[in-house]
Amino acid sequence: MRACRCRRLKGVCALMMCVTLALHMLVIILVMSMFTSTCEPVQRHRARPHNLTSANLTHTGSTSSRAGAADLARLEALFSHTLYTLHGPSSPDDDTLLRVRSQVNEEHNAEQWLSNSKEGYDPILWNSSTETHPPWLRFHLGISRWQLYSHRDTNLPALQEQLSTHRIVSAVQKTGGTQLKLVITFSNYGQALFKPMKQQRNDETNVNLYYFSDFERHNAEIAAFHLDRILGFRRMPPVVGRLIDVIKEVKDITTDHKLARTFFNSPVGNSCFYGQCSYYCSTEHAVCGRPRALEGSLAAMLPDLSIAPRRSWRNPWRRSYSRSKLTLWEKTPTYCDAVKKTPPYDRGTRLVDLIDMTILDFLQSNMDRHHYETFEMFGNNTFLLHLDNGRAFGRHSKDEPSILTPLVQCCRIRRSTLLRLRLLASPQYRLSDVMRASLAQDPLAAVAPLLTEPHLSALDRRLGTVLQIVQRCLLQHQHHHVIYDDIPDYSG
Ligand SMILES: Nc1ncnc2c1ncn2[C@@H]1O[C@H](COP(=O)(O)OP(=O)(O)OP(=O)(O)O)[C@@H](O)[C@H]1O
Ligand SMILES: [Mn+2]
């Protein structure tokens, strides 16, 4: 650990962070000089039952059979459509996030790190060849200016498999944010953000709750990832569902004493914990296994901020936390005119990227989008990360039209997005059908469908609303004012 900057930090937790960070650095340095965005393909595999961690919840057979072969065929056909393989003028793989240094530092030879592989962790057998890289590292190295992973990324199934089955060696609470979540570390040094199940999938959010008091939903995080991918954005880190043994995979291995102290047995003998956070971290809001198996979502962790810093931007259409006051955008129909003149929305794709995020949020009914993040090194010419979707899919019986305000007020949309939305509104590729098929591939679909049918129908209904608004815009404004043509060579 000679070169490690966090050397002065004490404790196992700090040591682990150092090792992980240093490993990221080392491998990135090793591959920099030769790395191109094409990773060595790994064996692509079809959706198949995963080994669930809990012995008392058994798998109910092939997940794809639940969704139906017809839905799966629709999903396959959708992903084969030209609109998913097209590259705009800003090619998705024109530059990558982690191609930052070109020289190999002699001090950082693999052996130095080999000796640091810790008990419980897999031996580190990586070198500059992408073939030797674990899935999480390939994911990091594949992040580009316009997307987190590529369409038909051959590493995606491997990454999902890692998240859903790989051995967990550490679980600590993630600080910040309002609700309980854990950073999970795997034995191959990969990491994930774990959000536990807090309510049943078919619970509808109480209508009297303000959105900012709403619980986060693990299935919303999973469903959001599938939706983002189906919309062709690929701006959300991959998320999978998993059953975690709260004793074996959290309590027994955590170095987070504050977290460990919050474990208890419920009156019916289930293992529960509640952690420490600013909302809902009390015995009344504990998360409980059955008796130890707890459902949750695991999102692939992005590269550490010290390697790939991110910038947080306030959403111009952010909501007020006040229960009585309206914000400026709610009172001013011409609000977008001002936004359009304000950097970075006055040039490039920032405004249409924000509209893409708006459409995603309206479809999943996510009102909790105060901020969004970008990778700092890409400047303003880059995609917006669609992180934190835990408050989506709270209600299926009601839509929230105010989420669409940016689209209504700006009347602007990427042409590629609009064409994909039209595709998803056609019976051939109906959004609810392809979502059903996609979600059925998640390991937790074996326990229960990730989204109930009313939620899937709500997606179709909301998609209809989005398309109606765009039609209205096209009637009111000149075509080129509404449509941002990011795919001028596509004539379809
Ligand atoms: N996959 C990820 N990889 C790395 N960092 C992440 C990832 N997902 C989220 N984060 C970071 O962790 C922070 C908290 O995550 P998130 O917003 O999902 O939790 P939260 O409890 O809902 O927070 P809040 O209450 O502020 O909404 C985010 O602001 C983001 O910077
Ligand atoms: Mn949140």
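Just so it is clear, glycine is given a Cβ too, placed from its N, Cα and C backbone atoms.
Automatic prediction, not curation, is the source of TrEMBL annotations.
Keep in mind the model is a prediction, meaning the values are calculated, not measured.
For reference, TrEMBL has these:
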TRANSMEM  12-35  transmembrane segment
BINDING   Gln179, Lys195, Glu216, Ala299, Ala300, Met301, Leu302, Glu373, Asp388  ATP binding site
BINDING   Glu216, Asp388  Mn(2+) binding site
DOMAIN    263-482  domain 'FAM20 C-terminal'
ACT_SITE  Asp368  active site
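On the structure: features taken from TrEMBL.
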residue : record           : CB count, 10 Å
Gln179  : ATP binding site : 20
Glu216  : ATP binding site : 26
Ala300  : ATP binding site : 25
Leu302  : ATP binding site : 21
Asp368  : active site      : 19
Asp388  : ATP binding site : 24
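Confidence over the domain 'FAM20 C-terminal' (263-482), given as mean pLDDT on the 0 to 100 scale, stands at 96.
Max Cα-Cα distance over the annotated ATP binders (Gln179, Lys195, Glu216, Ala299, Ala300, Met301, Leu302, Glu373, Asp388) is 20 Å. When the Cα atoms are compared, Glu216 (ATP binding site) and Asp368 (active site) turn out to be 10 Å apart. Rounded to a whole value, the Cα-Cα separation of Asp368 (active site) and Asp388 (ATP binding site) is 8 Å. Proximity of the binding-site residues Gln179, Ala300, Leu302 to ligand 2, judged by a Cβ distance under 6 angstroms to any of its atoms, singles out none of them.
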